[in-house]
Structure formats: structure tokens, C-alpha cells
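Structure, as C-alpha cells:
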Amino acid sequence: MAKNDKKKSSLVGCLVFAVLAFGSCAVALPEDEEKITPVQSEVETQTEAEREAEEQRQKEEVERQAEEQRQADEATRQAAEQRQAEEAERQAEAQRQAEEAEQQAEAERQAEEAERQAEAERQAEEAEQQAPAFESYKNCDALRAVYPDGVPAGHGAYDDKHDRDEDGWACEN
């Protein structure tokens, strides 16, 4: 009988093994697959939605950074334009002031020249008025004692005998 018991227990072991082997195969049967698919589909859908949400978030972040960069670039450009405009305005003002100073200096120079000419004319008129209508000098030494540079024709002290080179000046140096 011991042999019989050994055979029975071997047979029972084989049966248990067969049941378990076929049972595990049954898990992969199509009807079980239909039960798993909705769960997998739901998980896949959820994962897909999370992935799309992450992509959308990253896309929005990139767009936000691009917009910030664009605004920063625009602010930099405007600041540069403003600096250029201010520099151009400063240069124009400096040029205007330089031209104004140059014009003022030219006007002062012309005024001084006109004043100098007026003074020379005034002195010439005074000399003419002070000089007697006719002066007579014996020679050039006597004339130079009064008029060191000589006298022009038309002056009261002019005499042809004192103008040896006949150039219109008597007793010039």
C-alpha cells in the first residue's frame, strides 16, 4: 500500500501542478484581457493627459520666457535710442553754442575794427583841423621836427620842393 500512496500523492501533485499551470494561462485569455484593457486604457489616458499637460506647461514657460526676452530687448533698444537722441541733442546744442560764440567773436572783431577805423578817421580830422591851412618850412629837417613821418599832398605843410621823389609825400623817411 505504501506504493499505492506514493503513486496517489504523485498523481495529486501532478494534478495540482496542471491546474496551476492552466490557471495561470487563463489569466492571459481574451476575456480577462478585456477587463485589463479598460484599466490600462484609463492609466494610459491619464498618463497621456499628464504628458500633454506637461508639454503645454513647458510650451507656455518657453513662450513666457520668449516674451520676457522680447520685452527686455525692446526696453534695451528704447533706452539706446533715447541715449542716442539725447547725445544728438547735446551735440546739436554744443554746435549751436560754438557757432553762436564764433559769431559773437566775429561781431566783436568787426566792432573793434570799426572802432579803430573811426578813431583813425577822428584823429585825421583833428590833425587836419589843427593844422594851419598853410605852413611853410625851410627844409625837410624843420618839417620832420614837427611831422616825423612827413606829410601827404594836400596837407598845409606840403610843398613840392620837399617832395624830391614826387610820390605825394614830402620829407618821408
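We number each residue from 1, going along the chain as drawn.
Each residue, glycine too, has its Cβ placed from N, Cα and C.
Annotation source TrEMBL lists signal peptide at 1-28.
Residues annotated as region 'Disordered' in TrEMBL: 30-173.
Per TrEMBL, the feature compositional bias 'Basic and acidic residues' maps to 48-76 (among others).
According to TrEMBL, the feature compositional bias 'Basic and acidic residues' maps to 83-99 (among others).
Marked as compositional bias 'Basic and acidic residues' by TrEMBL: 106-125 (among others).
Residues or ranges marked as domain 'Excalibur calcium-binding' in TrEMBL: 136-172.
Per TrEMBL, the feature compositional bias 'Basic and acidic residues' maps to 157-167 (among others).
Using DSSP to sort the residues of the compositional bias 'Basic and acidic residues' (48-76) gives these counts of helix, strand and coil: 29 helix, 0 strand, 0 coil. Secondary structure of the compositional bias 'Basic and acidic residues' (106-125), assigned with DSSP and counted as helix (H, G, I), strand (E, B) and coil, comes to 20 helix, 0 strand, 0 coil. For the domain 'Excalibur calcium-binding' (136-172), the predicted model reports an average pLDDT of 90.
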